[in-house]
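Structure, as structure tokens:
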Amino acid sequence: MLAFISARQAGLDDPLRLRRAECTRRVLSLELNKDRDVERIHGSGVNTLDIEPVEGRYMLSGGSDGVIVLYDLENFSRKPCYTCKAICSVGRSHPDVHKFSVETVQWYPHDTGMFTSSSFDKTLKIWDTNTLQPADVFNFEGTVYSHHMSPIATKHCLIAVGTKSPKVQLCDLKSGSCSQILQGHRQEVLAVVWSPRSEYILATASADSRVKLWDVRRASGCLITLDQHNGEKSKASSEAANTAHNGRVNGLCFTSDGLHLLTMGTDDRMRLWNSSSGENTLVNYGKVCNESRKGLKFTISHGCDPEFAFVPYGSTIAVYTIYSGELITMLRGHYNTVDCCVFQPNFQELYSGSKDCNILAWVPALREPIPDEDAEKQYLNPAFEDGWSSSDDEG
Amino acid sequence: MDQKLTHLVEDLTTSGDPQLDPEKMKELKKICKSSEEHISHVYHLLMTQLNQDHAEMRFSAFQIVDELFTRSHQFRTLIISNFQEFLELTVETDYEQPLPPPKEIAQKLKKTVIKSVQEWHEKYGEAYKKLSLGYHFLKQNKKVDFQDVNVRTPAARRREEEKQKRLDNIYKERAKRAEKEMAEMSQEIQDTLTEMENCFRLLMPDPFDFRVNDAELEPVTERTANEDKPTSSLSMQMANCQPSLLEHMDDEQPCCSKDLLFVSPSLIADRNRDLNEELGLPEQKGVDSGEYSEAEITAAAISDDDSEIFVRNHGLGSHKYTLNLDVSTDVTVRENEDNTAIINNIIDAHKLIKNKFLPSVQSWIQLFTRAGINDDCLRRAIDFKNKLEAAMKKHKEMNIDYKERVRKVMKVSNDEDDDDEDEFVEVPEKEGYEPHIPDHLRKEYGLEPHSPPKALTKGRAAKPILLSNQSQQTRNEEELDPTCAAATLKLIRDKLPKLLPLNNSASANPEPATSTEPDSETRKLEERAKAPVIPFGLDLFYWGQDQPTAGKILKFSSQHRFWAPNEMEEEVENKEVAEMLKSRYITFPGKFEPVKHKCRAVMPDGRLCERQDRFKCPFHGKIIPRDESGNPINPEDKIREENKRFEKQAEQPEWQDPEFMREVEAATGVDLGSSRYSGKGKGGKNKGKKRKYPNLTDLKQEANTSRSRLEKKVFNKGAMKRVVKAMNRMDQKKHEKFANQFNYALN
């Protein structure tokens, strides 16, 4: 650390380098911290989380009972101990609350004044954050598994929606209608995500084990269908051709630079694809336990040297390096299946939601204080002390 | 050290005791205290024990965990780092991983863990984040009620609540009904109570109830004073000495003063005489004289302040001495013609209270308490109960000596018309009712056998001495009882005399000699009782008659225009049919006779075989007569049995006694082949395979149910294969049969 700082002072290093090193160190030391808590509002499992990209301060969470809660993550109390407060929530008593489980929530990428939520009650709602009233409601024929809005789009305002029908729908916020339908999948669409690199590129994953990349300007069909065998027909039977996984594909995530795409399937595999060529990079992550019947929200770190993927793995969160496929650690803390996790890039914090109704905050561990005898005695929590009785007989 | 640790943990967890051995625990703690490495070692050992499929092991392991948790920070961190698994193994948080048997221990384990987790949370929850997370998880997701010691699932709790609610509703409903009932009945109860109370007072004054007497005394004296001067002295005296009597009088003539206002002195004198007559009444009632005088004196002492008058009135010399009188509280009231009416009243009231009021009041109280109603109703009900009980008690204390009551209903058969007879409504004869029960069926009806019919017709005077005098008497008594079948029978017999000759003739016909010997009579009766009763049929209908058409079958010629059978006999006579109309088959399988003998062969343990087979015992062969000790009586049986024993011994020579051989083998180390005999050996199997942890409950033993054994047989691989093969063969056969048809060929 000191070496990095001195090198930075001397101007030997790129400023990015210090930042990267520190980020990586912090991500590697993520742990549950007793000082950081998220207020317990949800009475049932937490399906989805999203942190707004503008400030990285507000977090939305959607519960499986239709409740949406908005948290403030920033700690202004000047104390190490902080409980993320729920600022407001769309509770069960709210007139416009989702009837069934909320599957996806997303902030409007450019402003915190608006957010979107989709649910199993076959609707997609556009909310005004300040009044907590739905500004617009899109109705669909099937349950909505996932929706996404392009984080970088400036020329369009489309929300891609994956529903129970195999057609991917594009809803235009400007006109308030479903403007476009992308046909190509054969079964329900479990995950949709826009590329962070090019505003017209969309990736969709479906239960027919295919992942397709689309250019929404092209109406005729998809750009590429990702193939796990990279077109080597000899290995693949005719049925498995052009499939990304051997089971349902329920997780999609672009790397922050948009060059690669991570997919998750119920065949307990995670695959990394080159998003421009559609090539399987054949990184081996080992078995990634995935029993979810619906979409799975996983996330990747931002600004670290080897980038990390945080993947729900049963009741734990597995941390992998993206490009080498190495399992770094398992974060244990939830008592039931973890459904979603989201990374806060500014402070390298991770938030995860689980079926046990908890949202846990994983915070980088502080550096060990310099071992100072007196200070240690003072600050040591009495609970950490050993309770052996002093006499030898007692034990 | 590590070895010792392993041993200690294993010993502690496999002891099967509900409490840990304190000595070993102390040792374990001492080792753990010495270094952190031991702690992590212990942690891993304990986790393996917690993973065992035995609730007792898990329970003991958890107890060690609990001990160490409160002591070592290191241990706490270790446990909490894997708290999910820990909870899964101990509290059954994962429904797919239920706690292992035995069930009671598992429940106990769950309870203890939940209690401990709460304690841990209170103590360390702040410092260990995951501990508090786990606690909240249990509390909010698993809905564990930490206050409620019983671990119940929310569903069970809800079910219980619903049940409780339903019960509450029912109780409330019932309580409401009871309340209504009570409102209706309370007046009646009150009346009955008053009636009874009055009756008691009439019969006998309450020796301790002075105040009541006083209170009632006052108006009487006033009244008498009002009446007339000459009588006043007498009534005054009466009041002084016999309050009870006055009260009596008061009750009988409640408005005497008004009536007497204009009555002439002569009448008053009459009345006084009357009173005097009544004065004698208590003696008739048999009231203890001592008690009586006591009442007199005390009453006087209270009512009369003037001691002089007191002394004078009682003819006492002075006021200096005291008079002690023993009051015997046990009273007997004898019934006589004077108080019959009162006592009848009392009896009625007592019956009413005992049979009707008290039970209903008790049920009300029960209902109210159960419904949780705690207001006026309950209080009133309890009040009633107390009053009723007091009345009952008083009744008992009175010791009323009832006269023998003549049951008037008995007189129904007599000609005397009674009031009671009005209550009997003429009932039309019941359908299917047999007014005359045939002799052979009398037993079934619970009646004594009929006296010989002849005797009946001739009148009772000529009755032979068939039945003993005593039985005759009891019979008569029975006849007097209207509820008894005998009485009805007698009534009917009296009413229907015309049926009797018929009976008589029927019985007289077969035996013209009319032998009066009771022996033959009874034998005949017995035989008749034995004879089967058969339903009425055609054969009986045409009994002794000749039927012209019997057995003839009529065939009608065909009505068809063209088609007709060429030859046809119109009438066919069938002998069999004709026979059928005249005869009847009665199958008589005989009667079941239970086996009375036993096998009684000697069993290896010295007892005699208790089996009761008719001919052959499945274990000891043909049943033969045997003596007390089980040896055959007949010599040839004895020989046969001996032979058999020899044969058996030849199979297994005496010196090859398996146990003895085993001992020899153990001593010499040479295999003599004892295992050959111990196939069914009593202790051989268990001895050979010693259980690893003898102190734990044997799960296999528990799982070894008849069902599991059957399962083993039925679902055994070989059996399944056989069945599948057989079924396939059957399928195959069908296929072979229809192989050339395409739709069968395919499947």
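Cβ atoms here come from the backbone N, Cα and C positions, even for glycine.
What you are looking at is a predicted structure, and each value in this text was computed from that prediction instead of being measured.
Within the listed segments B:1-21, B:22-42, B:421-441, TrEMBL records region 'Disordered' for the stretch B:1-21. Residue ranges B:84-111, B:168-195, B:280-307, B:644-671 are listed, and TrEMBL annotates B:168-195 among them as coiled coil. Long-range contacts of the coiled coil (B:168-195) within the same chain: residues 345, 349, 352-353, 357, 360-361, 363-364, 367-368, 370-373, 377, 380-381, 384, 387-388, 391, each at least 6 residues beyond the stretch ends and with a Cβ under 8 Å from a Cβ of the stretch. Residue counts for the region 'Disordered' (B:1-21) under DSSP, split into helix (H, G, I), strand (E, B) and coil, are 12 helix, 0 strand, 9 coil. The DSSP breakdown of the domain 'UV-stimulated scaffold protein A C-terminal' (B:529-634) into helical (H, G, I), extended (E, B) and coil residues amounts to 14 helix, 14 strand, 78 coil.
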